[in-house]
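Novice: What Swiss-Prot records for 63, 65, 141, 212 is Zn(2+) 1 binding site. As annotated by Swiss-Prot, Zn(2+) 2 binding site applies to 67, 68, 212, 270, with the evidence given as sequence analysis. Swiss-Prot lists 67 with the feature active site, proton acceptor, giving sequence analysis as the kind of evidence.
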């Protein structure tokens, strides 16, 4: 599981940061990539990465401001032009379906794959299967803006092979049955419960990805205990009144939430073009005074999210 940031800027693109988009890469877990937001130029950013558009199976839209959606129709059309045939599902607020369908209709773009929309209204579960669960709630922005909580379900424990051998259970298909937790009967009449030969389940990982928001109580349960929290940082530490006025957050407000929620690592994005390198360093430094495991991300940066049993300090490794 990895997050790759495709756009980390706020409002408008700059020379160093494109507008909002990130990819949650689940290639080992599902052979898929999930896209969160698709600001203008997202497909250009994807070209600079190893991400294959046909691998993108889901797109989650936090809200309908242009810097989060203007790149979506172009990406969808290019995915089709590049031979994509696998279905794609878009999750987002009411209005996203009209926006996409109107854009495709006016431009006479025809997709080569099925496109499904899941319109998110009442807080709850956006998606769930045997391996992942995605929940959402409304945050506090000028328009409807969502935060998403992506939870990987626990992985079954490993077969305790030494214990199996100590019981003198012959190798073969019976091992698979034991690992599946089944009760097996051997030719010699001995009966074994597979659960007795399975180690503890491995906890899954949790990532919280927020759209634009100012501080609100609904953010806490979405972020609680997450391995990684991705949170906007449009304003600096001394601009809380501006943040409130414009429905955004400061870096130190995000850090306070991360501390309160007990997350593993805080990743700050949605960085204003007003902050050049010295300013970005200041955002990171002042946030770390509240929550030490904070990092201000940049475009194309990749964040690996290991299982908790594999983690050492820091909890998440950063590659650029």
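All residue numbers here begin at 1 and follow the chain in the order shown.
Backbone N, Cα and C atoms are what each Cβ position is placed from, and that goes for glycine too.
Walk me through where these features lie, including what they touch and how far apart they are.
Specialist: In the three-state DSSP classification, residue 65 (Zn(2+) 1 binding site) falls within coil. Residues within less than 8 Å, Cβ to Cβ, of residue 65 (Zn(2+) 1 binding site) and separated from it by at least 6 positions along the same chain comprise 143, 212.
Close to residue 270 (Zn(2+) 2 binding site) in the fold, though at least 6 residues off in sequence, lie 8, 9, 10, 20, 212, 232, 233, 234, 248, each with a CB less than 8 Å from its CB.
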Novice: Using an 8 Å cut-off from the Cβ centroid of 67, 68, 212, 270, can you name the remaining same-chain residues around the Zn(2+) 2 site, in sequence order?
Specialist: 10, 11, 19, 20, 37, 39, 62, 63, 65, 211, 232
Novice: Using the alpha carbons only, what distance in Å do you get between residue 67 (Zn(2+) 2 binding site) and residue 141 (Zn(2+) 1 binding site) once rounded?
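Specialist: So the Cα of residue 141 (Zn(2+) 1 binding site) lies 14 Å away from that of residue 67 (Zn(2+) 2 binding site).
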Novice: For a quick check of understanding: among the binding-site residues 68, 141, which residue's Cβ has the most other Cβ atoms within 10 Å?
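Specialist: Comparing the binding-site residues 68, 141, the most crowded Cβ belongs to 68.
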Novice: Comparing the binding-site residues 67, 212, which residue's C-beta has the most other C-beta atoms within 10 angstroms in this structure?
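Specialist: Result for the most crowded candidate: 212.
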Novice: Take the C-alpha atoms of residue 68 (Zn(2+) 2 binding site) and residue 141 (Zn(2+) 1 binding site) and report the distance between them in angstrom, rounded.
Specialist: 13
Novice: Once near-sequence residues are set aside, which residues in the chain of residue 63 (Zn(2+) 1 binding site), 6 or more away, have Cβ atoms under 8 Å from its Cβ?
Specialist: 93, 141, 143, 144, 145, 146, 211, 212
